[in-house]
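Following this message is one structure expressed as structure tokens.
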Amino acid sequence: MKKNNTILYYGCAAQARYASSNHGLLYSPSQAHLFNFSLARTYLNFSNGFRAFSTSLHLSYNQPLITYDLQDHTIDIEEMKKENLEKSFKSNTYIFKCLLNTINNKPINEKTQMEIEELLNKFTYASFSKKLEANQKNPEIIDYSLLNPKLAAILTDVRPTLISIINNLQKDYPDYFMAKLFKKSDKNEYYIGLVIKGLTPEEIINSIFFHVLKVLSFHTKKLDKSNSTSDIAFGMGKVLVENFYYNEFIKIKNKLSKEEQKCYYLSNWKKDNKDIVEKLEDNIFQFLLGQKISNLTKDTDLLDMETVTMAYREKSIVWKPTKKILKVLPEDGTLFVLPKKIPMIVKPKPYTTRVNGGYLSNDLYINENIVKEKWNLRDNTQILHFNQIFDLVNNLSSIGYKINTDVLDFIELYGSDYFKNELIDPRYSHPLLKKSKLTKKEKMELDSFLAKKELQENILGLAEIFRNIPEFFIPVNADFRGRVYCTPEYLNYQSTDLAKSLLLFSKPGRMYKKDYIALSYLKIYGGSSFGLDKLSANDRIKWVDKNLNNIKNYRNGKLIKEAKNKFLFLAFCIEYNRYLNCLDNHDVSWFDTYLPIQMDATCNGFQHLSLLSLDSNLSKELNLSESTWDDVPKDFYTFLVVCFIDYLKTELLENKNLTPKESESYNRLINMKIIREIIKKGIMTIPYNVSNFSLINYIREGFELEDNSLEWYIYKNEPSIRLKSLDFTVLGKGLRKVLHEKFHKLDLLLKYLDQVARVCTLLEIPIIWTLPTGLVVRQSYMIRDEVRIKPFNHSNKKFSMKVLNKTQFNNSKQITAFMPNLVHSLDAASLTLLLDFYFKESIDVKNIYTIHDCFAVPANKMECLISLLKLTYIKLYSDDKYLLKLDDDIRKNIRSTQNKGCFNEETLEITGDSFPDPIKFPDVQKVIGIVPSDFDFNVLKKSSYILN
């Protein structure tokens, strides 16, 4: 292409205008090689270079104007097209293309959504036939004979054998034999027969093939526990039971009148048949059922078993492809199955007290409650009549998203240039794949590589599927503490930075051009995603202004290559360019922004503990104190490092009992540059009651043994940092000691919570607390008994299984889990109250997503969100004084479970016949203080970094 002084401005409406060469080139990366200008009143001259004129410029989101500096770079359109095709990261996974076909060929409505859910959940999208013509007529079919003809032929050949085996299995359970089995004390075999007889051979084969193909996907993983025979058995058993439920439910539903059918759901059937359901939900039963069916994969020479050493003294039996299957598989791994749960193309069904929501098939052939219970808890979480949990889940699930196609296009075109450490080039084959025998370290390295590749393919593949969907939804549910989790796999806002960067809100936030605050938050986010979150807000704003040219010309890669969060920074650059281009459009006074900008709480677990205990000293280090945008945000980890070094120096001067090795370790740590990243993960876990052993291991995680050394460890991210084993112990124990000595009220709170858990454990009662959101958490961890079973027909190997003993508490778990569960529940309650404020705040578009202590909204809503978060903390900890309410909940539970008059409110002593000495209940006033605290909640309102 001939270069000249006239260059083109290329707009999203494919309109162009004249500009001189010092202005730069504007183009859409998604159409970088298409330059098709056949619009009226647009003139082009290609003989002497580009010349263009346009009457107007209209901006829509997914085709922004992007500046590119031609003084530094020249562009040859054909070369760029050729080069980018060679470096494409575009997902070429065949199974994703087939699902894309299904969505593209159908209207976006509830019927199509139901069809998608059925395809994914029942694995009805698979065909192994060689009759391509028939399959091509049905876009819902994934023809595995196209994906892998030899594998498809093997599965096609084995199908008649499987049908014959399954038919014989069903004949093995005649009615008289079932009656005989029912009379036995162990009814597992009876219920196995019940389920097998209640399914069609096709349903059983679909489950078998799904799990076989799951094992074959990236089969070269050496330490993949998801392919263990136990995990596959549980998974298969669960699927078969769900299919059985659906079949039985439909039988009953079809007998009802049309009016009755409208309000009859799977949950109704399960309540009516709770005795059967209780048995079929049993872990041992589902394992035995799944193992019986998965054994057929060995009988038909599809899979074989292998014993793998996972870790020291930890072995696992895993499913592996047989030699026959291995011959037809690619060595670098291929995805053979689609994720079962993906975003929805229509708004999720709302949860009510009567009907389960989320996916449209929920309460039809799947059954997922609004609160997902934990299997090792005896008692379920209770939702009170007046609650905010249903609104929380329904509101978050109703927020629409769309794919950031500009980010997706950029990644597909330039992934290998700018994201070498973040993405795996599709053409790259790991050298360890060709090595026959691997060391433990090499196995871990290869597994990590393949897991990353599988995650990347799923995220990019799903992004391609939803590329042209104008609005899709991400349903959520809650765990037993009220914490919100996304239901879809891979492509969701709680996934990786890659997934988050590909998500935009489907409806814009309106940001007025003169809204300095909103613009500032957008710039602050840009600086933070680049890696400058430790600078003051104003310094981040100045950095964006100073680097404006490279942000405009982000394709040159200068900033992207240096960015800490490259994908998020790329999304910011694209959005900021849209804003700059919008400034040129004088017909509108606002900018429609779709980008979620994220801000995090500072050490959120410690924030809740400081507010619970009203510890003003601790809160000052957690950005809960007065600050301005000129101030540098507090960094709790760096603060603790400084305190720790002071502690070591004091110990060296005053502690005469230090051993020579300890003194050597102290001096080494003092002279070494302890960076915050080394201690961050360990410190983060302290509010969650981590043991000293685990704390030390968290610190050690970032290190590895130096080559040819048995005593020196090097920090992986900075090999110049070298430590010995004793140094990790000194770090872990020293940091905890500093924390407790520096913050006395925190120490008192931790001791109080520990004592509460110990008292409840001694009394053998669950620990129950009520959250202001209407959720009642009932912590009741039970011990697990070991059961040995022999599930294989062809092997004498026995499995040791852990099953829940619902008669005996797990005392140690009850004690250690109380504080982390309480903190997580308070985190969840804060979010629930915040969203209640947020959705009632005004009638305009509500866009928000959350990752526990991270919040993302459009720039025009960030100021409002921060103000509401401050009000939430004040309501929860000042107005309602939650610690006193917690104390009252625990006492009420004790009084209700013990003999009348056993709890002396004055002495706080608990007496009873089952324990000889009185049990002392901790005094909450020692934490809060009889003298009013100097904690000033009004200071919260003046904090500029409560989110940063």
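Placement of Cβ uses the backbone N, Cα and C atoms for every residue, glycine included.
Since the structure is predicted, the reported quantities are computational estimates derived from the model, not experimental observations.
So Swiss-Prot says this about it:
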- ASP600: active site (ACT_SITE)
- LYS680: active site (ACT_SITE)
- ASP853: active site (ACT_SITE)
Could you list the residues of the same chain, at least six apart in sequence, whose Cβ is under 8 A from the Cβ of LYS680 (active site)?
TYR637
Return only the integer: C-alpha distance in Å from ASP853 (active site) to ASP600 (active site).
6
In terms of DSSP three-state secondary structure, what is the assignment for ASP600 (active site)?
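In the DSSP reduction, ASP600 (active site) maps to strand.
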Taking the Cβ of ASP600 (active site) as the reference point, list residues of the same chain whose Cβ is under 8 angstroms away and which are at least six residues distant in sequence.
ASP853, CYS854, PHE855, LEU947, ASN948
10 Å Cβ neighbour count around ASP853 (active site)?
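Neighbour count, Cβ to Cβ under the 10 Å cut-off: 18.
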